[in-house]
Ligand SMILES: *[C@@H]1O[C@H](CO)[C@@H](O)[C@H](O)[C@H]1NC(C)=O
Ligand SMILES: *[C@@H]1O[C@H](CO)[C@@H](O)[C@H](O)[C@H]1NC(C)=O
Ligand SMILES: *[C@@H]1O[C@H](CO)[C@@H](O)[C@H](O)[C@H]1NC(C)=O
């Protein structure tokens, strides 16, 4: 996609670029393949396995005392919706962390990242969904959620929606978090570094569960979490616009709809258990991140 970002010199060139973009998007759409084609294992491959779960291509990540496992997408994306269904470790998952996240590949000091981390727990105790967003190397934007269902009993859909104006995190189609593009007010937002999706299962028994008090019971190993229906939807350019992100500044295309606003309010009332923006022990009026006063 990189050449498309250069400013076209003539309208003819613009037109052929537009056609190229559309052809490219059509090709991507058709190949909306499953997890078998879209991802590759990058560590712990020996203990993970691909399998058919009904009609769905699925991947089981596993963790034992010696090692966890991790996959990444073959492609890199710029403005995209990623959906994946995950079924978390059943029973005692204390000390384990299962993730899905997107991250850019450039220097760490300026990297972008959108994180979902599922912190395991003792049998019968609830998982915590921990989220964070880095833009231009700056993170520290933790929000944590209590899920309103048992994420180990079945698959649920977790989504990252990244468009020019918002980053949204969704659970079963319900928006739980919004990070707005406030670049014009001096808050960095991921707009130019493409990101890959990663998913991993690893051990963090020193901090993950109840502040590290509950350790992993390695007698229960191997621990397994399963991913299926990995679905990538590229952001399509609006009519008359060459690429997603080139919409006029006042375009309403990416405005949040009433359902999304309602979801976010419901989550604030029912599911959020930690929000960095309201952490008065960590921040005072002069150190509170700027976006906390804008959203
Ligand atoms: C684990 O369960 C305890 C007790 O219900 C809860 O306080 C905690 O937030 C849960 N999650 C983690 C990651 O510790
Ligand atoms: C993938 O996600 C898009 C956007 O949400 C949706 O329209 C499409 O039906 C999904 N495809 C599959 C195979 O689930
Ligand atoms: C806010 O916190 C910073 C860093 O902890 C501290 O240096 C500063 O004095 C605090 N300001 C106020 C107004 O309390």
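Yeah, the Cβs are placed from backbone N, Cα and C, and that goes for glycine too.
Owing to the predicted nature of the structure, the values given are computational and were not obtained by experimental measurement.
Quick look at what TrEMBL annotates:
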type: SIGNAL; residues: 1-33; note: signal peptide
type: DOMAIN; residues: 28-227; note: domain 'GH16'
type: ACT_SITE; residues: 113; note: active site, nucleophile
type: ACT_SITE; residues: 117; note: active site, proton donor
type: CARBOHYD; residues: 121; note: N-linked glycosylation site
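Taking the features listed in TrEMBL, we show where each one sits on the structure.
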residue : record                      : Cβ contacts under 8 Å, 6 or more apart
113     : active site, nucleophile    : 101, 102, 103, 104, 132, 133, 134, 139, 195
117     : active site, proton donor   : 97, 98, 99, 101, 129, 130, 131, 132
121     : N-linked glycosylation site : 93, 94, 127, 128, 209, 210, 214
(request) Report the recorded positions (113, 117, 121) that meet this criterion: Cβ distance to the nearest atom of ligand 1 under 6 Å. Use sequence order and write none if nothing qualifies. (result) 121
(request) Could you pull the average pLDDT for the domain 'GH16' (28-227)? (result) 94
(message) I want to verify one value. Collapsing DSSP to three states, which class is the residue listed as 'N-linked glycosylation site'?
(response) coil
